[in-house]
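A.B. asks: Submitted below is the structure of interest, expressed as structure tokens.
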Ligand SMILES: O=C(O)C1=C[C@@H](OP(=O)(O)O)[C@@H](O)[C@H](O)C1
Ligand SMILES: C=C(OP(=O)(O)O)C(=O)O
């Protein structure tokens, strides 16, 4: 990939000489793209995904579905289709479902969505499907999906690990029915079972038992996207039983879906306006969305800025002052690294809670943020379920990223206002935003802006 340093290289994070003032096009949502791919692959007719995210996580998803027999073609986004979905340039994906089959090998990389959403799909395939991925994927929780699939009738060989690597021995169908799981370590267990649920003989009823479920907006996203594909879903927010979801068996429609921008990946760009006292517009911010990133409007406003949603997108304006925040991020955990970076630059301490499950994300995010923000001079303490951040004057230094895209973008936010921050392996942003280094450079230096970022100054 052009412009992205080699893995071990240090990337000097650009410092903003003045408040940033730019408009950014953030690529599509990882969570919407990967749900869209799975639902399209399980549908009874072809479908379209427009403006899909093309990043490591979504390309791995597409490759895995292809390995199981699904046809996914890349076509220019104006070649066919109609209505709202046909808008916009770039490429689209045309997904043509087929009888799912093994033998197949799936590389999950370190994508939670691939390692959790696809074993239920593989249970519907005819033949064995082998799953493996990065070393970290072996440590991330998967027991909820494995145990549930076994209870619903699947045969899985995981050598007793309860984790990757494993083989799902699909038989072409799955009985389904009611299952209890503890999804307190990842909402993706619930989403995984619901997404394939319409194709199980009896559908599925998922009953969460155990500690509080994280990332509820992501489960709502699953429910909304299932319904948009024609599935009948009963969910707690419609007056149903708490922590119980029911999906009725039935055919899924092929959709023509335009993917929203990734609002979690918008976080560092909005943060740039906040910490430099500047202004950033993120184009195409959806008026209605289930993405957790929509909560940034409220969170960053509390931290000192203001925002306006117009037809152009979301414009966030900083004042030059950043305040600490006390926030329970249980529902929006993936926003934590950038919020922590902003908190390290605030004029008062912050307390971030409800995010113990981040210890099992791409890396142990609580330990990594404490160590790396601490290494630049910030006071950071890990609590039982979060971080206490006490801002102090920061200095430059190497910021390690532990193969975690969100650690890299968090480091870049600090680097805007602290000279000498060097980000190790910024290329790790390819997990969800391969264009990050170019977009970020365009933000700070509009003269160097590529197609995704444009400066507003003359
Ligand atoms: O379903 C999804 O698309 C996601 C759910 C969340 O996972 P957890 O519930 O494991 O935190 C989130 O952190 C992840 O980035 C994406
Ligand atoms: C937790 C994340 O990813 P994954 O889908 O791999 O769980 C994330 O993107 O912040």
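From the backbone N, Cα and C atoms, a Cβ is placed for every residue, glycine too.
Nobody curates TrEMBL annotations by hand; they come from automatic prediction.
These came from TrEMBL, pasted as-is:
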DOMAIN    17-438  domain 'Enolpyruvate transferase'
BINDING   30, 112, 140, 188, 365, 406, 431  phosphoenolpyruvate binding site
BINDING   30, 31, 35, 186, 187, 188, 215, 334, 361  3-phosphoshikimate binding site
ACT_SITE  334  active site, proton acceptor
A.B. asks: Can you tell me the CA-to-CA distance separating residue 140 (phosphoenolpyruvate binding site) and residue 334 (active site, proton acceptor), as a whole number of Å?
C.D. replies: 15
A.B. asks: List which of the recorded positions 35, 187, 215, 334 have their Cα within 10 Å of the Cα of residue 406 (phosphoenolpyruvate binding site), in sequence order.
C.D. replies: 334
A.B. asks: Near residue 188 (phosphoenolpyruvate binding site), which residues of its chain come within a Cβ-Cβ distance under 8 Å, counting only those 6 or more away in sequence?
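C.D. replies: 112, 113, 116, 117, 215, 218 - these are the non-local Cβ neighbours of residue 188 (phosphoenolpyruvate binding site), listed in sequence order.
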A.B. asks: Using a 10 Å radius around its CB, how many other CB atoms surround residue 140 (phosphoenolpyruvate binding site)?
C.D. replies: 22
A.B. asks: For the binding-site residues 30, 361, 431, which one has its C-beta crowded by the most other C-beta atoms within 10 angstroms?
C.D. replies: 30
A.B. asks: Quick check on the binding-site residues: of 187, 215, whose CB has the lowest count of neighbouring CB atoms inside 10 Å?
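C.D. replies: Selected from the binding-site residues 187, 215 on minimum Cβ neighbours within 10 Å: 215.
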A.B. asks: Can you check what DSSP calls residue 187 (3-phosphoshikimate binding site), collapsed to helix, strand or coil?
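C.D. replies: Note: residue 187 (3-phosphoshikimate binding site) is coil by DSSP, not helix or strand.
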A.B. asks: Give me the count of other Cβ atoms within 10 A of the Cβ belonging to residue 406 (phosphoenolpyruvate binding site).
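C.D. replies: Result for residue 406 (phosphoenolpyruvate binding site): 31 other Cβ atoms within 10 Å.
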A.B. asks: How long is the line from the C-alpha of residue 361 (3-phosphoshikimate binding site) to the C-alpha of residue 431 (phosphoenolpyruvate binding site), rounded to the nearest angstrom?
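C.D. replies: The separation of the Cα atoms works out to 13 Å.
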A.B. asks: Average the per-residue pLDDT over the domain 'Enolpyruvate transferase' (17-438) and send me the rounded value.
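C.D. replies: Mean model confidence (pLDDT) across the domain 'Enolpyruvate transferase' (17-438) is 96.
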A.B. asks: Give me the Cα-Cα distance between residue 30 (phosphoenolpyruvate binding site) and residue 187 (3-phosphoshikimate binding site), rounded to a whole Å.
C.D. replies: 15
A.B. asks: Within its own chain, what residues at least 6 apart in sequence put their Cβ under 8 Å from the Cβ of the residue listed as 'active site, proton acceptor', listed in sequence order?
C.D. replies: 215, 264, 292, 361, 406
A.B. asks: Starting from the Cβ of residue 112 (phosphoenolpyruvate binding site), draw a 10 Å sphere and report how many other Cβ atoms land inside it.
C.D. replies: 26
A.B. asks: The record names 30, 112, 140, 188, 365, 406, 431 as the residues that bind phosphoenolpyruvate; what is their largest Cα to Cα distance in Å?
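C.D. replies: Across 30, 112, 140, 188, 365, 406, 431, the widest Cα separation comes out at 19 Å.
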A.B. asks: Do you know offhand how many angstrom separate residue 431 (phosphoenolpyruvate binding site) and residue 35 (3-phosphoshikimate binding site) by C-alpha?
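C.D. replies: Roughly 16 Å, rounded to the nearest whole number.
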A.B. asks: Do you know offhand how many angstrom separate residue 35 (3-phosphoshikimate binding site) and residue 365 (phosphoenolpyruvate binding site) by C-alpha?
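C.D. replies: It is 24 Å, counting Cα to Cα.
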